[in-house]
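> One structure is given below, represented as structure tokens, and several questions about it will come after.
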Ligand SMILES: Nc1ncnc2c1ncn2[C@@H]1O[C@H](COP(=O)(O)OP(=O)(O)OP(=O)(O)O)[C@@H](O)[C@H]1O
Ligand SMILES: O=C(O)C1=C[C@@H](O)[C@@H](O)[C@H](O)C1
């Protein structure tokens, strides 16, 4: 019993750490999970390609939850164990939602292995991954904004307290990503400090719910650089050229969206910074079996 699924990474329009409401968009870079299930060897194990010491609890918990809920899809004997392996184009803990993508891919790959993808809605698949992320402590709010964007594709606005999608729209943007070499785990972010900028986050939410995602993103970028202690220079130096630019998630990556030729010019400037840059696009299909 084997299943595979690929989930897109995402960039931030609104970070949910201030108010519990967030917004994110899927980008065309993937984390793939391959799951094999067993009716004989007990226990769930995980592996992250290229990160032998990586924390596999999130993806293991996702597989366990799906097996608990839908393991009966294969009849008897029951599934008692399994192995999950992820491979990713996206760096971990870089602000590009690799944890949400890994959880979504692990959930859908497990359903695929059980031949049971029709047993859950896609929104509920994302909610299961969020539940696993809360359990293992890799998130501040549950990050349903990131999970829903990666699962459904397009741009979503969500309430992370109730795990509800407030709006979803398909967008077609070019996207520039800069990932510095540093890493920042979401679970370590200073949530109390982020709450101080709630009035600004509510403004970003209003803009996003009006469909003005790109301006929303830039306001988010300035506000959350200040709250989380990141240098806002990548936002300041490019905001006149692009449609929107922001710190992504809890950093350290930045994303910019807009006109391709403007993004190419900004890329030349960002290429002089340490780390990597990447020109890609938004993604509208969300998580898919492979
Ligand atoms: N490719 C992956 N495979 C398996 N687990 C992953 C993967 N990426 C992230 N994780 C899990 O998520 C944790 C990292 O969480 P974190 O929220 O910091 O990363 P992120 O999602 O890249 O960051 P952000 O939420 O700021 O975008 C890791 O410790 C690991 O448990
Ligand atoms: O861990 C979390 O709850 C979050 C992390 C970041 O990606 C944020 O952008 C997101 O809104 C919430």
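Along the chain as shown, the residues are counted starting at 1.
Placed from the backbone N, Cα and C atoms, the Cβ positions cover glycine too.
According to TrEMBL, the protein has these features:
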type    : residues                                     : note
DOMAIN  : 58-154                                       : domain 'GHMP kinase N-terminal'
BINDING : 91, 92, 93, 94, 95, 96, 97, 98, 99, 100, 101 : ATP binding site
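Looking at the shown structure, what environment does each listed feature sit in?
Within 10 Å of the C-beta of residue 97 (ATP binding site) there are 31 other C-beta atoms, taking all protein chains into account.
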> May I ask which residues of the same chain, at least 6 positions away in sequence, place their Cβ under 8 angstroms from the Cβ of residue 95 (ATP binding site)?
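The answer is 12, 179, 184, 247, 248, 249, 250, 251, 252, 253.
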> Using an 8 Å cut-off from the Cβ centroid of 91, 92, 93, 94, 95, 96, 97, 98, 99, 100, 101, can you name the remaining same-chain residues around the ATP site, in sequence order?
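Once 91, 92, 93, 94, 95, 96, 97, 98, 99, 100, 101 are set aside, the remaining close residues are 9, 90, 249.
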> Tell me the Cβ contacts of residue 91 (ATP binding site) under 8 Å, same chain only and six or more apart in sequence, or just say none.
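Non-local contacts for residue 91 (ATP binding site): 98, 179, 183.
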> Where ligand 1 binds, which of the binding-site residues 91, 93, 95, 101 are close by, with Cβ under 6 Å?
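93, 95, by Cβ distance under 6 Å.
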> Could you tell me how many residues in the domain 'GHMP kinase N-terminal' (58-154) are helical, how many are strand and how many are coil under DSSP?
60 helix, 8 strand, 29 coil
